[in-house]
């Protein structure tokens with residue numbers, strides 16, 4: 001079992017990783033269409049859903065979705081739900097990995113083939129996604145502790161740079177009173193969704209409690225990160241020109257220099273920092289997807305046991321190993337194929353569809369958990 005701080009690490013890494021990928025594009029495209037009210041609505045909505053979801057799932061101490069669903073739902077309902085949610089987590093990891101391969105080719109090494117970059121990333125992700133849940137949490141903490149100082153340094157350097165145009169930022173604020181858009185709320189809310197990984201990582205927590213003296217940091221930090229995600233690229237590229245940059249934060253990092261450092265271009269430090277966190281995030285997504293899919297093959301007799309053996313003997317069954325191998329091989333083959341088949345526009349469109357679907361799927365998941373908690377309490381009274 002791990003301490004409470006790892007719960008916030010899951011939220012934190014999801015929040016900071018979205019600076020580079022889908023979220024800034026959505027915010028920038030709607031910067032004149034009520035983006036600030038959309039951000040406020042997203043922060044309020046996600047803080048509430050995060051609190052409710054966590055309070056519900058901690059009622060099932062030491063259990064993930066496979067154990068919960070297989071115990072309190074009929075097999076005909078549990079298996080399809082687990083498959084559906086596993087596909088969702090796999091897609092989340094795939095979109096992030098495809099985006100970072102595209103970033104690598106565009107900003108770091110334009111001459112290398114996308115499939116070569118993807119293969120290198122897949123070797124790391126496939127191997128790491130099969131390790132124990134607690135080990136992934138420890139790795140997440142290590143990566144965050146190493147990367148956060150670099151992120152703070154880059155942010156401070158960006159804000160104090162003379163090239164940062166505060167007039168452009170203030171111009172966006174003149175559109176403060178325009179009405180929000182649902183697509184922006186859906187995009188901004190994705191920065192908060194790290195808590196949903198408790199679907200599997202709840203296995204590693206014992207006596208997890210939410211205290212207001214700590215939880216208030218969630219909306220405050222989320223609001224600050226979303227505002228920074230939107231406004232810093234605008235300060236460098238202008239209110240109009242910022243729309244021409246697909247990966248606006250990488251373009252911003254490429255505008256910065258470190259004259260007295262070993263490497264002058266801030267882009268390389270920014271790339272290494274976010275590469276590390278992106279790979280860890282994909283590992284988290286695929287690990288959750290794997291465990292959810294494996295849960296389809298376990299009945300009620302397996303309740304209370306973690307799928308990766310953390311509460312058992314620590315030995316994976318041959319059946320489990322084959323399931324993981326087949327899933328990861330198929331995912332890897334699809335990724336290697338798609339990396340040179342999808343263009344930038346198609347990838348961005350797929351990301352937008354994913355954001356919209358995730359937003360509308362969040363509330364049904366919470367309603368399902370409310371039903372499962374009710375069933376648990378009802379069975380306990382018998």
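Cβ from N, Cα, C; glycine included.
Curation plays no part in TrEMBL annotations; they are all automatic predictions.
According to TrEMBL, the feature transmembrane segment maps to 7-28, 34-58, 79-100, 112-131, 143-162, 182-202, 214-236, 266-288, 322-339, 351-374.
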Any contact, the transmembrane segment (182-202) to the transmembrane segment (7-28), with at least 3 Cβ pairs under 8 A: yes
Residues from the same chain, set at least six apart from the ends of the transmembrane segment (143-162), whose C-beta lies under 8 A from its own: 9, 12-13, 16, 228, 232, 235-236, 252-253, 256, 258, 266, 269-270, 273-274, 276-277, 280
Which of 7-28, 214-236, 266-288, 322-339, 351-374 contacts the transmembrane segment (34-58) most, counting Cβ pairs under 8 Å: 214-236
Intrachain neighbours beyond the transmembrane segment (351-374), with Cβ under 8 angstroms and 6 or more residues off its ends: 21-22, 25-26, 49, 52-53, 56-57, 59-60, 68-69, 72-73, 81, 88, 91-92, 95, 99, 183, 185-187, 189-190, 193, 196
Which of 79-100, 266-288, 322-339 contacts the transmembrane segment (7-28) most, counting Cβ pairs under 8 Å: 266-288
Outside the transmembrane segment (266-288), six or more residues from its ends: residues with CB under 8 Å to it: 10, 13-14, 16-17, 19-20, 86, 89-90, 92-93, 96-97, 100, 103-104, 107-108, 121, 124-126, 128-131, 133, 136, 139-140, 143-144, 146-147, 150-151, 154, 157, 197, 199-201, 249-250, 253-254, 256-258, 328, 331
